[in-house]
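Novice: Just passing along the structure, written as structure tokens.
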Amino acid sequence: MPLSKLNKEQLQAATAPLGHNLVIASAGTGKTSTIVGRIAYLLEEGIKPEEILLLTFTNKAAAEMKERVARVIPSAKNIEAGTFHSVSYRWLKKLNKNITLKTPKDLKILFKSIYDKRDFSRLGIEEKPYSANYLFDLYSLYLNSNAPSFEEWLLQKAPSHEPYALIYEDIFDEYENIKKEHNLVDFNSLLIEMTNHLKNGIENPYREVLVDEYQDTNPLQNELIESVKQEGLFCVGDYDQSIYAFNGADISIISTFDKRYENAKVFTLKKNYRSYGEILDIANRVIKNNPRIYPKTLEVTRGYSGEYPKVLMYNDTFEEYRDIASRILTSTTKREEIAILFRNNSSADAIEAMLREKGIECKRKGGMSFFDSREIKITLDLLTFLINPKDIMAFIHIFEYAKGVGSAIAGEIFEALMTLGDGDAIKGFLNPDTSKKVFTKKRTSYQLGLFDDFVTLGSVSKFVNLGFDEEFLANPILRHPKLSIEGAEFLHNFYQFLKRIKRFKNPQAIFNELINSKIFDHIISNIAKERAKDKNGKIDEERYHEAKEKIKNKVKILGNLLKNYSDLERFLNAMVLGASEMSEGSGVNLLTVHASKGLEFEEVYIVDMMEGRFPNIKLSKPAGGIEEERRLFYVAVTRAKDRLFFALAKNDRIKNITYEPSRFLKEAGYKV
Ligand SMILES: Nc1ncnc2c1ncn2[C@@H]1O[C@H](COP(=O)(O)OP(=O)(O)OP(=O)(O)O)[C@@H](O)[C@H]1O
């Protein structure tokens with residue numbers, strides 16, 4: 001039974017009456033077990049599963065907790081659980097079926113396609129305009145600044161850009177309109193929209209909201225929690241593990257809990273079940289240099305191992321990483337139970353290379369390698385377009401692989417397809433309404449950088465001998481004045497693919513059709529060629545075939561994930577929401593300290609323990625400063641169960657930097 005396994009302090013918290021309860025839990029003291037126990041308690045008390053909302057930092061954590069309760073109380077699988085984003089997404093989906101979730105990267109592509117329609121050069125102004133990327137970031141900064149108008153805000157920041165202000169604003173307007181028209185939603189607006197609905201009195205069934213990792217809540221999330229207006233709020237967190245200030249997490253949310261809620265109860269969990277005493281002593285000694293918000297300590301339950309965590313010192317970082325790899329090679333600990341933790345992402349590649357050199361398998365969390373790879377992105381885009389033929393970004397992404405079709409032309413072809421298909425771009429391909437006019441002269445405005453491009457339509461005569469289907473040859477999209485032969489061929493391949501796929505409904509069947517299609521082969525050949533180019537730009541045949549094989553294997557991983565889903569849309573959204581939780585491969589864990597949150601390993605190496613690297617004040621200065629760095633150190637140390645090593649180097653040969661040992665080692669009592 002979940003409750004019978006709890007110790008006294010955990011049980012007290014888990015069985016607290018409905019109200020405002022905060023559980024301050026030190027590292028490794030069983031937060032998960034306490035939440036699991038709490039859910040079991042609520043269900044036993046007669047609260048219905050639908051009346052419980054569990055908010056966690058990752059969807060994986062939510063699923064695990066639900067599963068643990070469900071083993072004893074099967075109805076627990078009906079409680080609503082997940083990250084703030086996925087829960088809001090599901091709510092909004094229930095209210096409005098047409099939401100398409102987009103990552104900031106995707107939205108940047110859309111933004112660029114709008115930007116590229118403007119011709120700044122014809123204005124003849126000496127000052128260069130901002131790039132699309134820069135302008136996108138600037139726009140987001142402006143939105144967060146609460147300034148009344150963009151023009152005023154820009155004039156203060158960069159007066160020399162005044163002549164472009166109108167054009168920039170026009171780009172923003174068009175961008176916002178398209179987002180609205182296609183129901184595109186980014187991560188932040190998910191939370192904002194949901195909070196607004198809740199504030200406007202939309203009904204919600206929740207009697208208790210449970211929040212895990214409460215120390216990393218940001219003001220937007222907090223507003224959402226407060227808008228649910230529940231009887232019970234059960235928050236679990238550790239202020240010493242608040243490490244997401246750079247992402248907007250606000251430690252004062254946890255520290256003012258007992259002041260914001262009348263009759264709030266604060267419980268503390270002290271007994272650490274994870275680590276040996278020597279490891280906890282180091283964590284305690286360092287963290288006590290930070291302000292203590294609520295009283296708390298870490299009590300050792302596993303006793304002392306008799307082995308004090310070692311400091312490994314090297315001349316340079318190469319030597320450091322190589323020696324760690326050698327140690328791991330001879331370690332008897334299971335590879336999955338070993339973690340190398342680093343403060344700076346930039347350390348990861350060199351460490352990975354050293355491990356691979358010694359034939360040690362390793363995996364990196366955070367999705368950088370898997371979900372950011374071009375082959376995975378394009379596969380997801382192709383599937384996205386199939387289920388949402390209104391998705392302009394997926395379309396533009398796909399056409400990045402068509403020679404001679406830039407994002408502006410792709411955007412225009414997409415608009416034409418939407419017109420021809422009455423708001424459905426696939427219909428625009430397969431059954432166009434040819435009575436509709438496309439590529440007609442649009443807005444022309446010298447001041448806004450828009451010039452009349454579509455005065456004359458292109459002729460299709462250059463495409464007649466390419467073996468296109470008759471039906472397709474009659475499609476007005478081929479009359480785009482700037483469409484190249486390669487571009488038209490790509491469109492034709494795409495058309496044929498859409499025609500074929502029309503018959504399939506089953507996600508697995510669609511996926512198989514996709515990866516065996518001509519268009520897909522064209523795309524992955526393209527990617528493989530890029531990867532097989534030598535220094536002179538020539539393609540190495542052997543490397544090309546190898547690269548293509550690797551791409552196919554990677555895409556197969558995605559196919560395996562898809563097997564768990566009977567609905568393609570759910571699968572795609574899970575991929576957007578959960579990308580950062582995925583890790584690829586097996587073996588030794590290579591993790592940033594941030595990504596190691598909540599995990600535990602038998603053997604841990606914390607590398608680059610040098611001033612400037614860890615702590616890295618430059619990284620944390622805008623938000624959390626040295627206290628945040630110290631919390632990161634605390635998180636890193638408390639991941640270790642049995643053995644812990646600190647590694648540091650005196651020099652970085654490549655960057656030509658000399659380092660001093662980290663102040664945290666000194667605070668821990670080491671004479672370095
Ligand atoms: N009452 C208990 N008796 C024995 N072991 C326990 C008990 N509660 C938790 N544990 C064990 O302690 C370890 C740490 O638990 P958990 O991962 O929930 O800690 P946590 O508080 O979330 O840690 P952190 O904040 O550092 O990630 C786990 O291995 C868990 O199985």
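Including glycine, each Cβ sits where the backbone N, Cα and C put it.
Pulled from TrEMBL, these are the listed features:
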type	residues	note
DOMAIN	4-276	domain 'UvrD-like helicase ATP-binding'
BINDING	Ala25, Ser26, Ala27, Gly28, Thr29, Gly30, Lys31, Thr32	ATP binding site
DOMAIN	277-598	domain 'UvrD-like helicase C-terminal'
Novice: Taking ligand 1 as the reference, state which of the binding-site residues Ser26, Gly28, Thr29, Thr32 have a Cβ closer than 6 Å to one of its atoms.
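Specialist: So the answer is Gly28, Thr29, Thr32.
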Novice: Tell me, by DSSP, whether Ala25 (ATP binding site) is helix, strand or coil?
Specialist: strand
Novice: Quick check on the binding-site residues Gly28, Gly30: which one has the highest count of other Cβ atoms within 10 Å of its Cβ?
Specialist: Gly28
Novice: I'd like to know which of the binding-site residues Ser26, Thr32 has the most other Cβ atoms within 10 Å of its Cβ.
Specialist: Ser26
Novice: Out of Ala25, Ala27, Thr29, which of the binding-site residues is least crowded by other Cβ atoms within 10 Å?
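Specialist: Each of the binding-site residues Ala25, Ala27, Thr29 was scored by Cβ atoms within 10 Å; lowest is Ala27.
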Novice: Please report the number of other Cβ atoms within 10 Å of the Cβ of Lys31 (ATP binding site).
Specialist: 24
Novice: When you average the Cβ positions of Ala25, Ser26, Ala27, Gly28, Thr29, Gly30, Lys31, Thr32 for the ATP site, which other residues in that chain have a Cβ within 8 Å of that mean position?
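Specialist: Here the non-site neighbours turn out to be Thr34, Asp238, Leu269, Asn272, Tyr273, Arg274.
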